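Structure first, commentary second.
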DNA sequence: CCATCTTTGTGCACGCGTTCACAAAGACAT
DNA sequence: ATGTCTTTGTGAACGCGTGCACAAAGATGG
Ligand SMILES: NC(=O)c1ccc[n+]([C@@H]2O[C@H](COP(=O)([O-])OP(=O)(O)OC[C@H]3O[C@@H](n4cnc5c(N)ncnc54)[C@H](O)[C@@H]3O)[C@@H](O)[C@H]2O)c1
Ligand SMILES: NC(=O)c1ccc[n+]([C@@H]2O[C@H](COP(=O)([O-])OP(=O)(O)OC[C@H]3O[C@@H](n4cnc5c(N)ncnc54)[C@H](O)[C@@H]3O)[C@@H](O)[C@H]2O)c1
């Protein structure tokens, strides 16, 4: 998963487990697709497949929201779409500001999936005076000086940070001081925020590193298994034997 | 967290828990920063703070890699950087292809954080003939027809998908068929892949929806508590009372 | 060499999340 | 009305992840 939430110490918000909340958008997406195809009802099995999860998990997830299914039939698609939307707070509009209109920020601003789910880009903000006033995705880029005013006037509670890492904490502090209580951070830094403020991060580099780990493991597996079976010549065996904690590796980094 | 991994049923790869693997890049980033400041050693407490985690968790994480610390002193920064890099497979170069060079794909191509950690953009691929040959981040965009050849020739095992959702599964299938075994998916779709292929997804929309959920909860909290204390007039009380499973809500979605 | 002090490494307990498996609910046919 | 068949909702068991708390390791100073 390309996301990691900040430590929210097992806060079951109104009885809905955090893990379930994270899956609701997935169900919603699958349900919306069914709704567009005018499918009236769907079974937990079908929906689970569409959402890429286990059907028992899906049923348990829905059970936290209440009993919205009909035994022998399944779930009413429209009704479920409404219930999940309501639970996620998508029946209202959420004004969002994006700070840092560079490569990534501009891509985010142009992203259609934003508006499609009740999120409205209230403003684009950048510190570079050369950017100020430029139109990105039809919106004028505003200068950082106006940040507080924009947040307050538009009642923005969700902020997206797409600045370089060095500027992220400062931007975060200003957003929070101005009233933002939820932050989506694309900069590769750990943000510290006061209690009551949620931070979620998206870090491409971390995702790739996790993939690399598994990739390496896959590559080493065949070799490793061969070693275990003793079907390799001695030399290859030693090469495959990863240096263990016994420390026969150089204490310097080769790069 | 903006990331979700696809169902890897508790595969403790070589005894390192998945949760630990996901944190290693975080530690590595903090350690690299210390290394650049020529800090020789660091305690679990300091490093944990820098990485935004609990110190006990960090120590336990490191214990899976072996005993690399010195009691009473802490961890040798350079040595730890090397060990984690090795564990994550970052001592080798990983060629990566990006498919779908639109707003997002171009931003990713321009992203510096790619190359800084052993990931090398081997090629940019797009289906639009108008894009073919255009330079993005100094690399020429190649046409989808060449996908298989590019992947095979460059021994690419990691692919990034930044196409529209509708094209993602097809692109995924082609990447996998050509030999890619790890995929980072930015398109809002569930990808189905054969066993042995890892998929991680980054979904901005899901992240925002999770934030919206908590945001809504925060907003409703004061009101909800007031209701519980019975300090609200009847009308407001009923308005605050969210419709329960008893179903006094319309079965249609208001939007 | 001994005492003291710092910090690691981990045993242990607890809670969350996942999954199995099944009873009961309800649709539908007869 | 009764029986059959499908599918939900959930009890219960299990495993993973987290965090506390502490013993042991080792550095440091006398
Ligand atoms: N581009 C990607 O694909 C990508 C991927 C993952 C993470 N990131 C991260 O996202 C962030 C942005 O990446 P990018 O490629 O768009 O960088 P960029 O340099 O293209 O854009 C950064 C923008 O932030 C603005 N900025 C700088 N300081 C600011 C401040 N204090 N207040 C407001 N705006 C400020 C700059 O003027 C610039 O327009 C970086 O932290 C990067 O590491 C980018
Ligand atoms: N832009 C964002 O911030 C953002 C955020 C989250 C998710 N996404 C998702 O990322 C994807 C890309 O977003 P975008 O804004 O860059 O869209 P875009 O339309 O700007 O770019 C899509 C690119 O993919 C190419 N393409 C289409 N079909 C292809 C195929 N079969 N093979 C190869 N290339 C193909 C198109 O030619 C185009 O260049 C979308 O699925 C979007 O939902 C984007």
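Placement of Cβ uses the backbone N, Cα and C atoms for every residue, glycine included.
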DNA-binding region range according to TrEMBL, out of B:26-65, B:66-105: B:26-65
Where residue B:103 (NAD(+) binding site) falls in three-state DSSP terms: helix
DSSP helix/strand/coil residue counts for the domain 'CoA-binding' (B:89-190): 35 helix, 29 strand, 38 coil
Protein Cβ atoms within 10 Å of residue B:104 (NAD(+) binding site), excluding its own: 24
Against chain A, in sequence order - binding-site residues B:100, B:101, B:103, B:104 with Cβ under 8 Å: B:103, B:104
Least Cβ-crowded entry, counting other Cβ within 10 Å, from the binding-site residues listed as B:100, B:102, B:105: B:102
Other CB atoms, at most 10 A from the CB of residue B:101 (NAD(+) binding site): 26
